[in-house]
Protein chains: 2
Amino acid sequence: MSWSTRDTHFDKDLVTTNGNKYMIGNGYMGYRGTLEEFGKEQLVAVTLAGLYDKAGDKWREPVNAPNGLYTSIACDGEDLTVLDSEVASHVQELDIRSAVHCRETVYNLPEGGLLTFSAERFASLDNQHLLVSRLSIHSTRDCRIVIETGIDGKVWDINGPHLFELQEQLEKDVLITSAITGELKIPVVVAEQAVFSFGEQQIDEGKALRRISVEVRAGETYEWYKYVAVYTGLDALNAGDTPTPIEAAVHAVRSAQAQGYAVLLNNHRQLWEDRWSHSDVIIEGDEEAQFALRYSIYQLLIIAPAESEKVSIPARGLSGQVYKGAVFWDTEMFMLPFFLHSDPGIARNLMMYRIHTLDGARRKAAEYGFLGAFYAWESQDTGDDACTLFNVNDVFTGRPMRTFFRDKQVHISADVVHGIWQYVQFTGDDSLLLDGGAEVVWECARFFYSYAYYNSVKERYEILDVTGPDEYHERVNNNAFTNALVKETLEIAMRTAELLKEKYPEAYRDLSAQFSAGPYLAEFEAMLDSFYVPQPDPESLIIEQFDRYHKLEEVTLAELKSRVINKHEYWGGGNGLATTTTILKQADIVLMLNLFKHSFTKAVKKANWEFYEPRTEHGSSLSPCIYALVAADIGSPDWGYPYFMRTATVDLTGVSKQYVGDLYIGGTHPAANGGAWMAAVLGFAGLYFDGETVHIHPSLPKQWQSVELPVVLRGGSFRLHISRDEVTVSAAASNREDLAFTIQDGQPELCHPGAQLRLRLEAASV
Amino acid sequence: MSWSTRDTHFDKDLVTTNGNKYMIGNGYMGYRGTLEEFGKEQLVAVTLAGLYDKAGDKWREPVNAPNGLYTSIACDGEDLTVLDSEVASHVQELDIRSAVHCRETVYNLPEGGLLTFSAERFASLDNQHLLVSRLSIHSTRDCRIVIETGIDGKVWDINGPHLFELQEQLEKDVLITSAITGELKIPVVVAEQAVFSFGEQQIDEGKALRRISVEVRAGETYEWYKYVAVYTGLDALNAGDTPTPIEAAVHAVRSAQAQGYAVLLNNHRQLWEDRWSHSDVIIEGDEEAQFALRYSIYQLLIIAPAESEKVSIPARGLSGQVYKGAVFWDTEMFMLPFFLHSDPGIARNLMMYRIHTLDGARRKAAEYGFLGAFYAWESQDTGDDACTLFNVNDVFTGRPMRTFFRDKQVHISADVVHGIWQYVQFTGDDSLLLDGGAEVVWECARFFYSYAYYNSVKERYEILDVTGPDEYHERVNNNAFTNALVKETLEIAMRTAELLKEKYPEAYRDLSAQFSAGPYLAEFEAMLDSFYVPQPDPESLIIEQFDRYHKLEEVTLAELKSRVINKHEYWGGGNGLATTTTILKQADIVLMLNLFKHSFTKAVKKANWEFYEPRTEHGSSLSPCIYALVAADIGSPDWGYPYFMRTATVDLTGVSKQYVGDLYIGGTHPAANGGAWMAAVLGFAGLYFDGETVHIHPSLPKQWQSVELPVVLRGGSFRLHISRDEVTVSAAASNREDLAFTIQDGQPELCHPGAQLRLRLEAASV
């Protein structure tokens with residue numbers, strides 16, 4: 001079974017796509033899958049999690065560090081690079097099992113003979129500050145090779161520059177590039193040690209670049225190593241360390257050198273083995289799906305904030321500065337489920353990030369005249385909203401277009417609450433509530449209480465003037481998805497209070513004191529008593545996406561596409577093509593049906609899937625996985641399979657928009673990666689945990705024999721094997737509690753620590 | 001003092017403008033100021049009030065009747081027309097005192113000599129079906145003249161054709177053109193009798209055209225007459241007459257012929273004298289303003305529905321089919337005040353039109369899920385809304401643009417209620433309430449009760465998601481103008497109930513029975529108790545036009561204009577240039593300050609005038625008059641004077657948009673005509689009647705010595721003379737009651753029937 005993806009020739013047109021596809025990372029930094037000799041033009045990026053900077057009046061974005069792995073080769077005075085030289089063969093490969101990137105390029109030398117340049121690299125999982133690389137050259141004839149390697153300070157920025165007072169210096173053998181950011185004056189330091197056992201080395205004063213000259217002899221292999229450390233002022237601040245970032249970086253590369261490449265790689269590999277041991281999903285019978293799903297999980301693992309609760313996962317991961325490096329609802333709704341099932345510690349970090357940014361959400365609510373917390377649509381370090389009111393340019397006039405992402409997508413606050421409650425349900429770890437989670441939940445409920453309006457004739461509270469997941473229809477009333485989530489927020493606010501009152505009465509008293517003047521539980525309860533959530537039509541079973549959706553123009557997707565004048569035109573916004581029609585950008589009602597799958601009958605889910613599917617453009621990479629999930633849920637996994645594959649391969653094929661005008665908007669798609677996992681595990685394997693009982697309702701695509709995966713639920717580890725006729729549950733011996741399992745909604749059975757349950761499925765339902 | 005306007009040469013480019021400027025009419029029909037030989041290409045139109053037709057899927061519009069005054073002249077086989085012939089001199093003149101249109105054209109004959117063609121016409125005020133004309137020719141040399149005259153059935157339509165089964169026939173000497181409309185199959189009939197005392201007449205079978213050949217002798221004048229009658233199936237329906245429209249039309253022209261031109265003209269003139277006697281406003285010291293104001297009044301008088309309560313005044317009067325011939329809020333807010341002061345019978349008809357269209361308003365409310373009555377933004381015969389959801393085309397894409405005139409300009413229902421209550425206040429005629437007015441008032445209040453939402457945190461009812469008068473800002477919350485008018489609606493609903501309960505308890509019981517299930521008075525009262533109307537900021541005194549208006553981009557009008565890419569681009573709508581800025585289309589807050597002038601201090605009015613005036617584009621002809629009114633109110637009449645003049649001359653200068661693309665949108669501007677009257681009388685002369693006391697607070701522009709006018713208030717007739725130092729009130733001897741007058745907010749003094757009051761003004765305040 002393959003664990004790697006590779007390209008066997010070089011294609012200039014794929015430089016950007018491969019930058020995403022071959023990415024490595026360790027949650028602290030992402031390193032794009034570019035080649036050693038590449039520079040900013042090829043979108044090399046060492047993107048740092050959680051460090052943002054604002055240049056002038058342009059939007060804030062994450063900071064890219066200088067590239068400590070920069071290396072170029074010249075032979076007999078001629079530069080060798082895949083971009084311009086004659087390449088005899090070229091392989092780029094990513095081993096997703098160990099998160100190691102390799103390239104091997106064989107050049108036809110200008111005056112005959114072949115020179116092979118190989119490089120292997122990884123972003124250490126053992127020490128998140130480290131980038132490590134082994135490189136080599138080998139020639140079929142004698143020649144003079146000059147290797148330039150060091151730290152490339154010419155950083156790719158979308159909205160830069162962000163690094164000021166850039167200094168390049170040498171401390172003993174270590175090259176150091178240091179700078180400070182423009183806005184917050186945070187130091188950014190890269191240190192590099194390169195270890196050569198050949199050639200003559202020269203370092204120009206004030207340049208972070210080594211030049212190694214060597215007379216290479218035919219047939220011999222010349223190998224060297226690079227140890228690169230990245231530190232920022234945020235690390236020192238986080239850890240309360242005494243050393244400066246420079247000292248820390250120098251110390252890190254020296255330690256790395258002392259351990260040596262083999263040891264570092266081995267440690268890194270073991271940690272990756274460990275990661276896969278609690279996250280790998282094995283699909284029997286479908287190799288293509290197997291690799292795509294593993295690759296999706298890989299993409300999530302390389303960007304997961306395993307060691308920080310101050311950052312979350314941006315919408316384009318750590319693949320660059322795209323989308324402002326901002327955290328969207330994607331994290332809670334599309335990525336969190338994977339971590340909840342496989343690595344609750346990371347799930348906790350993701351939710352702690354929302355707790356740490358509560359004040360930003362409070363500021364946003366106050367800015368708009370509301371109570372409580374209105375989370376940022378595009379969240380960065382402080383939780384203040386990075387989203388502008390003019391997020392899209394009109395292609396017909398070139399003018400910025402007023403969009404309502406920032407001020408009307410209120411469901412974000414409900415998504416955060418949903419995530420917090422999911423965490424508590426899945427882990428049983430209610431310390432998150434004590435650590436600020438309860439405050440977030442209540443503040444979000446207060447926000448919605450102040451946002452809601454009561455209609456005296458209909459005698460109900462409504463949520464007016466919002467944009468739901470389907471962003472092509474802005475400023476709608478009673479978006480069913482939003483209303484359902486607001487209701488859930490109010491319910492969670494009540495349950496949180498009950499839970500804390502009962503288990504932690506003193507803490508509850510302290511935490512709730514600030515809300516004594518209300519609105520608080522009494523008001524939430526009153527609102528819940530007469531809160532409107534759109535329901536299925538008794539005849540058609542269709543849930544109307546929002547008030548008067550059914551009055552919009554009915555048009556086919558093909559017809560709408562035929563009206564496009566400019567292929568880059570935005571279908572939403574003020575005059576967008578889709579806005580006056582029933583065509584949706586992405587799953588909206590269907591997403592709600594997935595979130596609250598046990599509140600709706602199969603007939604309702606089926607009717608709405610069939611109604612909304614032909615009306616969905618899937619203009620967001622978040623959409624297809626939801627259709628796959630609900631297709632599985634309604635017993636039609638083969639309807640869902642193409643959507644699953646489209647989702648799982650998005651970063652492998654690179655089939656997604658890369659540019660709008662001259663603005664790069666590509667990058668990886670962590671929400672789709674998480675969506676692929678959800679479709680496979682929560683959809684086809686049919687896993688559903690309600691906080692007490694694990695429900696399994698397999699709905700496997702026809703190619704799939706079985707799905708096998710490890711899960712961690714309420715602190716216990718289980719291994720599940722789900723096939724067409726049987727589900728096997730193996731509980732770890734170290735588990736402390738039993739857990740109940742049920743298949744096909746049958747009688748729950750308890751799985752004791754160390755025990756194995758075998759549950760037979762009735763054929764008809766699979 | 002001049003009572004006429006004239007052009008002394010012919011200019012092809014002014015054909016369309018002069019069609020408006022030289023219009024005649026009598027409320028039943030409008031006849032555009034075109035020349036006798038003109039056809040549909042020159043936008044000849046005999047526009048019928050209240051008869052609408054829809055062709056195919058195009059929008060409904062009023063029906064133009066065939067032109068019974070069509071006449072052309074040929075001399076020695078050559079057609080003579082101002083459009084193509086050599087014209088020695090040409091005069092077109094409109095006598096607004098008698099509403100008589102004249103033209104005299106002297107042609108240079110091809111082979112020497114001059115031929116003078118004169119024509120005089122009027123739309124009889126004595127018999128609203130009649131058009132009457134006297135024509136003559138005179139030549140300086142002998143020649144052979146052929147006159148073609150009859151009924152031109154080739155009708156100008158914007159969205160036609162509307163006339164089907166067109167038949168041309170002769171009944172004895174009378175030409176008849178009859179047809180039926182496409183949609184409602186309403187007969188439209190034009191009959192014509194031409195009376196010649198010379199020449200030979202020939203009428204081709206099946207053509208409604210006479211050809212008169214005459215050998216003209218030099219120096220002699222040849223005069224003839226035309227009597228034209230227009231009838232439709234609506235007349236028969238209205239009147240319950242037994243004759244057919246054809247019989248009625250034939251009878252009408254025969255009667256007219258029997259009476260003869262001189263008698264008809266005399267009767268017409270006397271009725272016009274009478275009209276002017278109770279509507280003329282005399283300005284001493286400013287001839288230009290005097291004529292412009294009289295001309296404005298003239299425009300109102302020729303379209304006033306004196307004899308029907310089934311029609312109101314469309315936004316472009318009877319000057320064609322523009323704006324669908326639809327009735328907007330213009331009538332209540334800009335035209336009604338003139339009629340309330342001068343001709344309460346017409347004011348009653350205007351309000352009865354709203355009562356007759358209540359069911360259409362109920363249907364519209366129900367269509368949107370509301371209770372009560374939501375009046376049409378563009379109202380035609382049934383009260384169903386003629387306004388589409390896509391009222392403007394995007395110039396950049398050519399696509400229809402979703403606008404929110406129809407569904408969000410809810411203030412229309414409040415405007416109607418305001419009009420009804422104004423009528424009752426001014427006339428004391430509460431029969432209007434018994435005749436359906438009360439039902440309208442209550443249904444509109446019920447509409448707003450169902451439209452309103454209660455915010456539990458702010459503890460108030462709000463009006464969300466509306467478009468106010470400033471249409472550049474659609475879908476705003478708590479538009480101050482709208483909220484103030486909604487509040488007034490609720491108050492009027494309460495007062496109407498009190499009035500009827502007290503005076504007509506039985507009628508009240510019957511009328512209110514249908515509302516017993518509520519919402520009704522109890523709910524209106526509850527809403528009033530906590531209803532939000534934006535108030536002046538305590539510091540700046542500015543009333544925010546709507547929620548978050550102050551957060552919009554502050555930009556000068558000049559700067560905004562510099563951003564225009566296409567001069568026809570619409571500034572409102574989805575992506576309009578003004579939508580994200582503080583630039584307004586037209587008076588909004590300032591209009592509210594005018595409507596509720598006694599609820600705000602002068603300081604508030606001044607602060608808001610000064611704040612909003614530079615932010616107002618005056619993109620509507622309804623805007624400048626309001627700035628004139630409030631300028632006068634705050635004691636700065638000279639700030640207001642240019643706005644007054646711009647308003648009063650709009651149909652004289654023709655300075656307004658005539659075309660959008662190939663769509664004619666010109667026509668007359670009755671709202672501006674009414675606005676000019678308001679600015680002069682309610683603004684500069686400072687007249688304000690609160691239903692009990694007449695307040696006079698003159699604020700005359702520096703050129704003006706005095707304003708003198710007749711008014712009818714609570715059934716009593718008064719003549720007011722308002723100068724800088726004195727106000728004289730003369731009450732008609734026939735008045736039945738005293739009326740109280742006060743100047744400069746002093747002690748009211750009663751003016752007894754037949755008496756004269758002289759009230760001295762303190763100089764300082766003028």
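Every residue gets a Cβ built from N, Cα and C, even glycine.
Predicted, not measured: the structure shown is a model, and the values here were computed from it.
What TrEMBL annotates here:
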- A:8-232: domain 'Glycoside hydrolase family 65 N-terminal' (DOMAIN)
- A:294-678: domain 'Glycoside hydrolase family 65 central catalytic' (DOMAIN)
- A:TRP329, A:ASP330, A:LYS585, A:GLN586: substrate binding site (BINDING)
- A:GLU471: active site, proton donor (ACT_SITE)
- A:689-743: domain 'Glycoside hydrolase family 65 C-terminal' (DOMAIN)
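Each residue contributes its Cα atom, and for A:GLN586 (substrate binding site) and A:GLU471 (active site, proton donor) those atoms are 8 Å apart. Taking Cβ-Cβ distances under 8 Å and a sequence separation of 6 or more, the neighbours of A:LYS585 (substrate binding site) in its chain are A:PRO469, A:ASP470, A:GLU471, A:TYR472, A:TRP571, A:GLY572, A:ALA578, A:THR616, A:GLU617, A:GLY619, A:SER620, A:SER623. Counting residue by residue with DSSP, the domain 'Glycoside hydrolase family 65 C-terminal' (A:689-743) contains 0 helix, 32 strand, 23 coil. The average per-residue pLDDT of the prediction over the domain 'Glycoside hydrolase family 65 N-terminal' (A:8-232) is 96, rounded to a whole number.
Taking the centroid of the Cβ atoms of A:TRP329, A:ASP330, A:LYS585, A:GLN586 as the substrate site, the other same-chain residues with Cβ within 8 Å of it are A:PHE328, A:MET333, A:PRO469, A:GLU471, A:SER620, A:LEU622, A:SER623, A:ALA671. Note: A:ASP330 (substrate binding site) has non-local neighbours A:ILE313, A:ALA315, A:LEU622, A:PRO670, A:ALA671, A:GLY674, i.e. same-chain residues 6+ apart with C-beta under 8 A of its own C-beta.
Other Cβ atoms within 10 Å of the Cβ of A:GLN586 (substrate binding site), summed over all protein chains shown, number 22.
In sequence order, A:TRP377, A:GLN409, A:HIS411, A:ILE412, A:ASP415 constitute the residues six or more apart from A:TRP329 (substrate binding site) in its chain with CB-CB distances below 8 Å. For the substrate site, whose binding residues are given in the record as A:TRP329, A:ASP330, A:LYS585, A:GLN586, the maximum C-alpha distance rounds to 16 Å. DSSP assigns A:ASP330 (substrate binding site) to a helical segment in the three-state reduction. The Cβ neighbour count for the residue listed as 'active site, proton donor', using a 10 Å radius over every protein chain in view, is 25.
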